[in-house]
């Protein structure tokens, strides 16, 4: 990826805001833990009581020392829920069958940093404490890089630097903020996904394919990103056919071009899916292969945990799991089905109403974004964006959220949203979409710009957000930056909170309330998104 452009004040401000938001998150997390543990535990527990969660909680081996207890006291809130899985895998590997629901690239990265960068701390800190520190360092880095990548992607796709600037700042206060800081893989996936999308928009197909491939080694929904490459190649081929439709062409060059495009798509999509396939093969060999003496190296406490909780320990008794005998032995789908009861309409129960309410804001934003785009571009949506438009022929591309290049991102976000509502634990939609798609941030920025005309230029009450965006777009390059020092638009909106429209208050209120509530509830082992 390109180095940071020091001449771009917008990018510098995005990076600075991301660093500040990450530092504030870590500070608040530590403060909440200290309040809960020491200062006013009685009052704090009445307000936010500790939740006895039935979550994966392996025993600490070996016994923690003084420095380990200090790290746990300051950063322990970042190791809740699924974070325990990632830390456990990084320390012990895939010992339990249900650990295979969590992909290996993030735990491997944690282990590499713990054994490499943090190697000098091996004496005062045991491995798990160094892994937790590694998670804090890596997620802080990846969240900052993801914000920068989202900004650069927005400049290319939206053709409006200010819209991209606002969207990147919204990412810094993402409703999924706590998962960007905790020992989860969301920050890493967001960086890889947004970076790959940006490189694909720039025409760097092989670098984009590499980043997409790495993303599929982080989360399973990285496989869906192969559709971006497929659509990009299909669109280029369709537009070339339309450009040459009026000229006489030989059949053989056309077929050679078609074969070239098809082979490129097949190879790249295969590369994107390769990490997923390799991991499924690894799980098959580990849990379905001939028995080994690996259980002899597993500590007794971990073996006892498997017996107490009913976890399937690798090579524990030589009995193969049921999924080993399936025609396509995919451990990931088996775990989602058996351990987490994930499936079509399985979450549609009366007792899950609170979780649906928790996911309601991101669901409404996603549906509203799709509807807004369809209404603004009906023909473009009907033709799947494969028809060459007149404004493209005239060299005057539209700018902003409703521009033609946003189409594939809207389809991607809508597909994830529909799948999440009907086939997943719906409360994870916020972090699922917040780390996978830029649409949540682009559309929220679109709403704020459309309703706060004064946001960029003082005294510009007579100008609309669209006219400002178009004026920025029609410069020498897409997303060109006007001269002057960039200011944080979120800070400006908050300082004028009483004056902004009710819709803008709702958008900002959603981002900030989920940003803070998620931190408070998640760190106290209370259910959150």
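Just so it is clear, glycine is given a Cβ too, placed from its N, Cα and C backbone atoms.
Under the heading transmembrane segment, TrEMBL lists 131-151 (among others). Within the chain carrying the transmembrane segment (131-151), a Cβ under 8 angstroms from the stretch's Cβ atoms is held by residues 1, 4, 10-11, 14-15, 17-19, 22, 26, 71-72, 75-76, 78-79, 83, 86-87, 90-91, 109-111, 113-114, 117-118, 121, 125, 164-165, 167-168, 171-172, 180-184, 187-188, 190-191, 194-195, 198, 438, 441, all 6 or more beyond its ends.
Per TrEMBL, the feature transmembrane segment maps to 206-231 (among others).
Annotated transmembrane segment per TrEMBL: 258-279 (among others), in sequence order. The list of residues near the transmembrane segment (258-279) in space but at least 6 beyond its ends in sequence, with Cβ under 8 angstroms from a Cβ of it, reads 100, 103-105, 205, 209-210, 212-214, 216-217, 220, 222-223, 225-226, 229-230, 233-234, 236-237, 332.
Same-chain residues lying 6+ beyond the ends of the transmembrane segment (356-376) with a Cβ under 8 Å from its Cβ atoms: 175, 401-402, 406-407, 410, 413-414, 417, 420-421, 426-427, 429-430, 433-434, 439-440, 442-444, 446, 510, 514, 528-529. Sequence annotations record features per position, and here TrEMBL assigns transmembrane segment to 356-376 (among others).
Residues annotated as transmembrane segment in TrEMBL: 406-426 (among others).
Annotation source TrEMBL lists transmembrane segment at 507-528 (among others). Remote same-chain residues near the transmembrane segment (507-528) are listed as 25, 28-29, 32-33, 36, 48-53, 55, 76-78, 80-81, 170, 173-179, 181-182, 355, 358, 361, 365, 427, 430, 444, 447-448, 490, 493-494, 497, 500 (criterion: CB distance under 8 Å, separation of at least six residues from the stretch ends).
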